[in-house]
Structures are given as C-alpha cells and as structure tokens.
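Participant: Provided herewith is a single structure, encoded as structure tokens, for subsequent inquiry.
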Amino acid sequence: MSLQGLMMKRTLLCWPLSCLFVLLPWPLATPTPITPWLCPPGKEPDPDPGQGTLCRTCPPGTFSASWNSYPCQPHYRCSLQKRLEAQAGTATHDTMCGDCQHGWFGPQGVPHVPCQPCSKAPPSTGGCDESGRRGRRGVEVAAGTSSNGEPRQPGNGTRAGGPEETAAQYAVIAIVPVFCLMGLLGILVCNLLKRKGYHCTAQKEVGPSPGGGGSGINPAYRTEDANEDTIGVLVRLITEKKENAAALEELLKEYHSKQLVQTSHRPVPRLLPASPSIPHICPHHHHLHTVQGLASLSGPCCSRCSQKWPEVLLSPEAAAATTPAPTLLPTASRAPKASAKPGRQGEITILSVGRFRVARIPEQRTSSLLSEVKTITEAGPSEGDLPDSPQPGLPPEQRALLGSGGSHTKWLKPPAENKAEENRYVVRLSESNLVI
C-alpha cells in the first residue's frame, strides 16, 4: 500500500475518538417520551413525581371532568349570579345552578346568566309575582349517588332573605304625611275657635250629675268655699256677670273723673266734724273705701280709691271698729244738700266704692211689726231730691223706711214667728231699688 492510503485510514480512526472527547463533558440526559402523560377525570398532574406517582386527586373545591394534563379547576359559585345551587360540585363535576334567589329574576335554563332584582322587572314577570314560593330546580338530584358511584353532597338549601319590603315602605311613606297633615289641621281649627271665643280642651268637661238635677238649686248660687260669708257670696255673684263688672268699672271711672275735677278747681278743703257723711269724699287717713284698712295719702286722691274692685272683704267687726267720722267739703258755688242720705240708723258700712255701698244692719228686736228691711237706694241723690222728713211719733224702724223719700219703693218683710233673725245687709247702687 502506499503511504497516502495509510494516512486516510488513520484519519478515519481518529474522528470518532475526537467526537467522544467532545461529548464527555456534557451531562447525561434522561430519556423522555415524545408526548406528556394524561391524568384521568378527578385528578391532576403531580408537580413532584419523586414518589413514583404521576397524578394526584383534585383538592376540595376543584374538579377535573376529562382526561387531560391540566390542573383541576375551582367550582362555580352560584351566589355571584344570585342563583340557587341545584347540584353541589364534586371532583369530577362542576356546581350546577338553579333558579334565581328570592327577590330576583332571570331567564330560565341559562344558569350562568346573572339574575336581576325584581324592582326592575316588568309587571308580568313570572318569577316576581309569587312571594316566597319559588321552586328549586334539581332538588331531586341533590341526594343519592352519581353515575360513577361517588356520593353526592347535598345542595345548599338556604335562601337569601328579601331585603326590600316595598309594600311596608310604601305604607309608612303614605301614613306619616297623613298624620302630620291631620295634626296641623287640628291646630289650625283650634286657633280659629279660640279667636271666636270657644275654649279648646283635651279633657271632657264634667256636667251635672243625673241625680243632682232635681235638687232645684242654681249652680250659680252654690258657694265653692263653705267658710265664705254672705258679703263674699254677694260680691262674687255681682262680679261674675260681665254686665255688672262693666257697670262697676264705669261707676269707678265716673267717680275718679269727678274727684279729679273737684280737686283741680277747688282749694284744699277744711274738714267740718259736724257735717253729714258723703260717700264720694275720701278722708284719706280714716276711710274704708277698700277693705285693707287705713290708706296712705298719695296726691289729691288716696291710692286705695284708685284701685278697682277688691278681692277680699273686710269683716263686719273690723269695719265697725274703723268707721270714720262724717265729713263734708264746703264749696262756694253749691251749698251742701240737706237731702244727702247718710247711713241708716244702726247701719255699719262694710264697703263703699263710688256710688256702690254695702252696709250691715244689726238685729233689732224693739218692734214686732217689722223685723228687717233690705233696700238698694242711691248713695248720692240728685239735685231735685228733698230732705227726709220722718213723721214724729213713729217707731225707729218706720222712720228708717220713710226717710228714703216718696220716690223710692220699699218692701216690708213680715215678722217671723218666734224665729231668731241674723244680721242683714243693705246694698245701695245707683238710683234703682231692689230687695234681695
């Protein structure tokens, strides 16, 4: 052989050796199949195959429904779509959703479509007309076993309560304004009645009892206080009438105006101890125009004369103890009248306001013909009145009756047979005569 042939053989032998030396530093690779392995339904590939197992069971809450090499998928949550669970999920089956929850509506047969609230539903929606009577689809398959022998978990039977009670809300919204309007209307009517003079009260007025109607006693004459005296009852009965109160106010105003005129045009008078009594004149320090005792001097007229009708009357004993001496103011233009009627003989003045005078007559037993007389006469006579001229030779009682003049009417009370009489009172007001 030639030398060239030997060189070619030597080159062919060195080529595999050089390739071997090049591949020796690389790590040895394990043989792998061309396609990955597949796991059965209910299992997923094991990420750690060191235990000798290539697949593992799906964890709770997940499932795998076919042969594949993917991990298990979580179960579907029906509550997110406001639906009820018709069948609970297993390792090989997903959760099956049923009808919509109470208060929600949605298309039937499409479990993965979310439900809508009934407040947005049309009037003829089938799911919202029934209140609380909503069936659950797939309840019959909630129990038992599956086709492959695995036990089925019972479905969730709870229902979401309806948060919207539209009927009750509408009723409350309608009732509250009605009550408010009724209250405002009642207040308005009460104010209108008060302006017209009526009295609005929330309590029922107690009327006369059925049994007390036949007593024949006028309720106006029934005293509220058992200790109230006769003068108090008389004054209360007079002042209860609006007409009498207005008349007394007019008399007081007229009396005050006359006093102001007299004091403004006349000098300070000088007191005469022997003159008869004039009820219009106020001696200031010793008068009983009011029932509070002696009054202090305040200007031309005492402060007690400026007051209106008193509230409490003076007792007859105090009035008798503090009766002032009669006085008279002389005037240059007009002489004092001789016909001015002083108090009757034996009378004790109780109250004197203007021309209104209340006096007390003590009991008199000297005469058997007349026991007592009650009259209402004028406190101050007119210009044309004549002085009293009682006839001589008559008893004192008849003189008292005849002393008032012929123009006034007298009523005589026949004597009571063997009956003790109590103190009587005389009320004199203006120019009218009246017997009580």
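Heads up, residue numbers simply count up from 1 along the chain you see.
Placement of Cβ uses the backbone N, Cα and C atoms for every residue, glycine included.
In case it helps, Swiss-Prot gives these features for our protein:
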COMPBIAS  130-139  compositional bias 'Basic and acidic residues'
COMPBIAS  324-336  compositional bias 'Low complexity'
MOD_RES   THR230  phosphothreonine
REPEAT    57-97  repeat 'TNFR-Cys'
MOTIF     355-358  motif 'RFRV motif'
SIGNAL    1-31  signal peptide
TOPO_DOM  32-169  topological domain 'Extracellular'
TOPO_DOM  191-436  topological domain 'Cytoplasmic'
Participant: Kindly report the helix/strand/coil residue split of the repeat 'TNFR-Cys' (57-97) according to DSSP, in that order.
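Facilitator: Counts, helix then strand then coil: 4 helix, 13 strand, 24 coil.
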Participant: May I ask you to report the DSSP-based helix, strand or coil state of THR230 (phosphothreonine)?
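Facilitator: Note: THR230 (phosphothreonine) is helical by DSSP.
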Participant: Which whole-number mean pLDDT does the model give the topological domain 'Cytoplasmic' (191-436)?
Facilitator: 55
